[in-house]
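**Student:** Pasting in a structure now, in structure tokens, and then I'll have a few things to ask.
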Amino acid sequence: MAAGTFKGGIHPYEGKELTKDKPTTLLLPKGDLVYPMSQHIGNPAKPIVAKGDKVLVGQKIGEADGVVSACIISSVSGTVKAVEPRLNVAGTMVESIVVENDNAYTQVEGFGVERDYETLKKEQIRSIIKEAGIVGMGGAGFPTHIKLTPKDDSAIDYLIINGSECEPYLTSDYRMMLEETNRLIKGIKITLRLFENAKAIIAVEDNKPEAISMLTHALRNENRIELKVIKTKYPQGAERVLIYAITGRKMNSTMLPSDIGCIVNNVDTMISVCRAVAENTPLIKRVVTVSGDAVKNQGNFIVLTGTNYSELVEAVGGFSAKPAKLISGGPMMGLALYSLDIPVTKTSSALLAFASDEVADMEEGPCIRCGRCVEVCPGRIVPQKLMEFAERFDDKGFEGLNGMECCECGCCSYICPAGRHLTQAFKQSKRSILNERKK
Ligand code: SF4
Ligand code: SF4
């Protein structure tokens, strides 16, 4: 039986009122475009252009390399200035293609031409999605053509569309549900063609009444797509949590959603599937929320991939106060930024700037054994005990206490009165264990 919510979780300040009523506006880049070859989970793409080459809008410039990888597509026309390592959002140097925009936006042949998706075979749909470079746009960047190719199509009975957007401040998916309702539904219908026994559920948190009303109206004649309103609680949008809230099915870190008959996709990813399959338009842009108390005029922007983050700051009129913290993505699971000289990628949902850094301002103290972290953990693990193993770099002990089931949601760190950097420590332990497993 569907649960509708989950045990644990937190209710942080939402901050969504800053941008939720700001319609998206197109931001055209001024400077060079930088396309990291790694904008997804899996092998980086291989550059297939060289310095001096001319490229067009919609042209593939990076080829997917290996089973889990994704193509990279140029979002502008212009000339390749360099193929070299550049700083990416994670603070590492990544092989990137730098394109000087000619501002002509000349497109490859056939770009944007409508296609009759109802006559396409499954392999054709998957191949188009792969060539369009589509990845999960909610943050993880899992290549969509892989996600949509489970062992057995007929065993999938739920296609879950994550419209919960439970991270504070983010409103990019919310705006898409309002502004791109038809494309969203078309993208879901295209995806449902792959899974003959599935029904689609769009999951929306109850703090989004306008999106709920818009979708309810748009879905009135759809018999394979339903809307499910779920409780507003963080991390409602985490894949495992969402699957449980919708289906009551449980999974652990060794399983894929498809093992329990589910495929989960983000709203913007479904819209990108519609664009690619029905409109011959690859993934070259996304919606980015620019918000936080240090931002002058918060808003939502349609941004071409490769655009420099500093251009987003320019678009909002700069900062109203010196930012103490910059984050790419949501405040709970996003990445802290040390430079704005990095490009927007397929997984960039937001740029947040805050005048103070509450985490850095708080001194870390010893655990007072209050148990609050245990109460909020959606993974039903014991963060307080897990921390003892993480601090001792005891990977065996960490695994033994189900540390790999941590989804890195940050609820425990958020609630901890002692300011313990729990999630950060768990992230490091998980990376270390995963690296060991690869050896
Ligand atoms: S232990 Fe992991 S899953 Fe549990 S609250 Fe902390 S970060 Fe979230
Ligand atoms: S919330 Fe913090 S202080 Fe309380 S038990 Fe957990 S780690 Fe210890």
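The backbone N, Cα and C atoms fix where each Cβ goes, and this holds for glycine too.
Unlike curated records, TrEMBL annotations are generated automatically.
Sharing the record's features from TrEMBL:
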BINDING   Cys367, Cys370, Cys373, Cys416  [4Fe-4S] cluster 1 binding site
BINDING   Cys377, Cys406, Cys409, Cys412  [4Fe-4S] cluster 2 binding site
DOMAIN    358-386  domain '4Fe-4S ferredoxin-type'
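What's the neighbourhood like for each of these?
**Tutor:** For the recorded site, Cys370 ([4Fe-4S] cluster 1 binding site), the DSSP three-state label reads coil.
For Cys377 ([4Fe-4S] cluster 2 binding site), other Cβ atoms within 10 Å of its Cβ number 24.
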**Student:** I'd like the Cβ neighbour count for Cys409 ([4Fe-4S] cluster 2 binding site), meaning other Cβ atoms within 10 Å of its Cβ, all protein chains included.
**Tutor:** 25
**Student:** Report, as a single number, how many Cβ atoms besides its own are within 10 Å of the Cβ of Cys412 ([4Fe-4S] cluster 2 binding site).
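**Tutor:** Taking all protein chains shown, Cys412 ([4Fe-4S] cluster 2 binding site) has 29 Cβ neighbours within 10 Å.
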**Student:** Over the domain '4Fe-4S ferredoxin-type' (358-386), what does the predicted model average in pLDDT?
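**Tutor:** The predicted confidence over the domain '4Fe-4S ferredoxin-type' (358-386), as a mean pLDDT, is 90.
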**Student:** Inside 10 Å of the Cβ of Cys370 ([4Fe-4S] cluster 1 binding site), count up the other Cβ atoms and send me the figure.
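**Tutor:** Other Cβ atoms within 10 Å of Cys370 ([4Fe-4S] cluster 1 binding site): 13.
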**Student:** Find the one among the binding-site residues Cys367, Cys370, Cys416 whose C-alpha lies closest to that of Cys377 ([4Fe-4S] cluster 2 binding site).
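**Tutor:** Closest by Cα distance to Cys377 ([4Fe-4S] cluster 2 binding site) among the binding-site residues Cys367, Cys370, Cys416: Cys416.
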**Student:** Counting every protein chain present, what is the number of Cβ atoms, excluding its own, within 10 Å of the Cβ of Cys373 ([4Fe-4S] cluster 1 binding site)?
**Tutor:** 27
**Student:** Starting from Cys406 ([4Fe-4S] cluster 2 binding site), work out which of the binding-site residues listed here (Cys367, Cys370, Cys373, Cys416) have their Cα within 10 Å, and give them in sequence order.
**Tutor:** none
